[in-house]
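Features of the protein shown, as given by TrEMBL:
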- A:12-33: transmembrane segment (TRANSMEM)
- A:45-63: transmembrane segment (TRANSMEM)
- A:70-90: transmembrane segment (TRANSMEM)
- A:96-118: transmembrane segment (TRANSMEM)
- A:130-149: transmembrane segment (TRANSMEM)
- A:169-192: transmembrane segment (TRANSMEM)
- A:224-242: transmembrane segment (TRANSMEM)
- A:254-271: transmembrane segment (TRANSMEM)
- A:278-295: transmembrane segment (TRANSMEM)
- A:301-320: transmembrane segment (TRANSMEM)
Amino acid sequence: MKAAAILPRNLPMGVIGPILALVVLMAVGASMNENFLGWNNLSNVLARSAFIGIIAVGMTFVITAGGLDLSVGSMAAFIAGLMIMVMNALLPTLGVGIPVVLAGMAVALLAGLAAGLLNGLLITGLKIEAFIVTLGSMGIYRSLVTWLADGGTLSLDFTLRTFYQPVYYGGLFGIGWPIIVFAVVVVVGEVIMRSTTFGRHCAAVGSNEQVAKYSSVRVGRIRLMTYAALGLLVGVATIMYVPRLGSASSATGVLWELEAIAAVIIGGTVLKGGFGRVWGTVLGVLILSMIGNILNLTDFVSPYLNGAIQGAIIILAVVLQRETKAGT
Amino acid sequence: MKHLASGAALALVLATPAFAQDDTMVIGVSIPAATHGWAGGMNYFAQAAIERLSETYPNLEFVLATASDPGRQVNDIEDMVATRNIDALVVLPFESEPLTGPVQNVKQSGAWVTVVDRGLSVEGIQDLYVAGDNPGFGRVSGEYMVEAMPDGGNIVVLRGIPTSIDNERVEGFETAIEGSGIEILGMEHGNWNRDESFTVMQDFLQRHPQIDAVWASDDDMAMGVLGAIEAAGRDDIQFVLGGAGMKEMIKRTMDGDAMIPANVTYPPSMIATAIEITAVGLVSQAPVSGEFIIGSVLVTPENAETYYYPDSPF
C-alpha cells in the first residue's frame, strides 16, 4: 500500500516489472505475427489461461498467508474425473439438460471445497508442513484419477458434451465464459485482498505468525480459509475445463501447480508470505501463456527450446522486481 | 478301474518329481505407469495377458510393477531379482540409457530377458525383442497422406514428446511424402497430450489461413486437434490423421467419419505379445529368442472392426 502512496513520481520497478514484461512480450508477438493482436488469438489465449488463472488467484491468498499448495493440478484432474463420472451416471435418470450440468457443477464445487478443507485441516490442525501435506495429496489425487479412469481416459457422454460445450466456447457479447468468470474471480479476489479484514489478516499471518497471534488474529482459521477458498476455485476452474475436450485422464492438470505458483511469484507476491497482489498474479498468468502462444506462432526458435525461453522470462520478470526491493 | 487307478498313481509318481524339480517359475513384468492413453492401454493388456496365462499355466507366477519414472523402474527390477528370484523379465524400458545397466544385471543373474518397444543402448542383452515399427508408423502415415491428397496440399504436424521414437516416426513420414507436393507448414510438439495439442492447434489455426490436413501422429493429440478445429469453426481442413488405434477413433473410422478417415496402428497390446511369447518360451520346447517386430497397419473403414477393442481403456 505504501507504493501506491508514493505514486506516481517514482513508480517502483516492483509495480512496473511485470507490466513491462507483458508489454515487451506483446510487442515482440505483434512484430512476429500479424494475427497475434487479433481478437481471435487474444481470446484464445485468455480463455486457455482462465484455468490456471482462477487457481492462481486462490494460490495468491495461500502464499500471502505463508502457505503453499502443490496439489492443485492433481486435484483439478481428480475433480474433473469425478464430475464426468457423476454426470455420466446421472444421465439416464436426468437426461441431457441443465439439471445434469448443474449437478456436475455442484459436485465440482463441493469436491473442491472438501479437498481444500482437508488440506487446510491437516496443515493447521495437525501442524504438518504445507509442503508435505500437499505433496502427499498431490500423489493421492493423481493416483485416484488414474484409478478412476482405469489407466485410460474418462470421457463425458458425447451428447452431453455437446450440450455442455457452450460453457467453454460460448460467451456474452463475444467474450468467452472462461474469460468472464476469470475476470469476476480476479475482481473479487483483488477487493478481498485490498479492502477486507481477511485480506489484511492473510498478509499479517504470512508476514509474522507470532505477531499476528498476539494481535488476536486467528492464524489457524485464516490459513484454513485460504486453502478452502483455493479448493473451491479449483472446482470453478474444473467447471470451465471439462466442457473444453470433455475428458479427464492422468495427464490432466500436470504441472498446473507449478505454473500457478510461478504466476503468483512473477506477479510480485512474496513466496515467503506477507505480501500479495492479485492483479500481479493475472499479469503473471498472461505472461506465461503468452510466451507459449508466441512460440507457437513463429518458427523463430527450435521447439526444443520452448521450456528454456519460458524459464528465462520467469527469472527475468522476478529480477526486474528485485531491484525495487533493494531500493525501497 | 484298477488300470485307471494305477494309471493315475503312475502319473502322480511321474509328475511329482517334475513338480518338485521345476517348482513354479516367476516372470517379472516391469512397465511404465498409466500416465497417458497409450500407456493406460498397455497396462490393461499386460494385466489381461497375465490373468489369462496364470490360468493356463498354473506353474507360472507373475509379478507386475508399474513405474512413473526410470529411477523407480530400476528399483522395481532390483526388487524383483532380490525378493522374487525371477526366472524371466519382460521389460518395457521407460528410457533406454538408464535401464540398460540394471537389465544387464538381470541377464547376468541367469534370467531370461524380453525387451519391449524401446531397445536398450547396448546390443545383445535381451533374448527376445518385441517392438512396434516406428519408422513404419511414420511411413504408413505419410503414404496415406500422399494417397489421400494426390494433388498435394498444406499440412501441419503435431509431434510427440521429444524422443528417438518421435524422431524415427517423423523421419519415416517426411521420407514418405517427399516430392509429393505436400508441404509441411509447421511442426510443434503436442507431447502426446490432449490439452497441449489443443493449444498448439489453436495457434496453428491463427497462423495459417489455409490448412488442408493435419498429421496428429497420435489419437490423444488428434482429440485435442479436433476440439480446436471445431471451436474455430474452420472448414478448410479435410481430415486429421491420428495413430495408435484409440478405440473412440477406430469407432469413428468404422462409422465413416470424414474427418477421421483412417488410423495407423501402434498397438499397446504388444506388451501382451511379449508376455505370451516369454511364457511359451519358459513352459515349452518352442524356441522363441530373436526379434518380433509388429507392423504398423493402415486402418480404414473396411478393416476397422478388426482393430476395435471396446473393453480396453484406450
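Think of each number as a place in line: the chain as shown, counted from 1.
Cβ atoms here come from the backbone N, Cα and C positions, even for glycine.
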Kindly say whether the transmembrane segment (A:278-295) and the transmembrane segment (A:96-118) touch, using the definition of 3 or more Cβ pairs under 8 Å where each pair is 6 or more positions apart.
no
Tell me, please, if the transmembrane segment (A:224-242) and the transmembrane segment (A:130-149) are in contact, taking contact as 3+ Cβ pairs under 8 Å between residues separated by 6 or more positions?
no
State the residues, same chain only, that lie 6 or more residues beyond the ends of the transmembrane segment (A:301-320) and have a CB under 8 A from a CB inside it; answer 'none' if no residue qualifies.
13, 16-18, 20-21, 25, 262, 265-266, 284, 287-288, 291-292, 295
Stretch among A:12-33, A:45-63, A:96-118, A:130-149 sharing the most Cβ pairs under 8 Å with the transmembrane segment (A:70-90):
A:130-149
Go through the chain and flag residues at least 6 beyond the ends of the transmembrane segment (A:96-118) whose CB is under 8 A from any CB in it; none is fine as an answer.
71, 75, 78-80, 82-84, 86-87, 90, 137, 141, 159-160, 163-164, 167, 224, 227-236, 238-239, 242
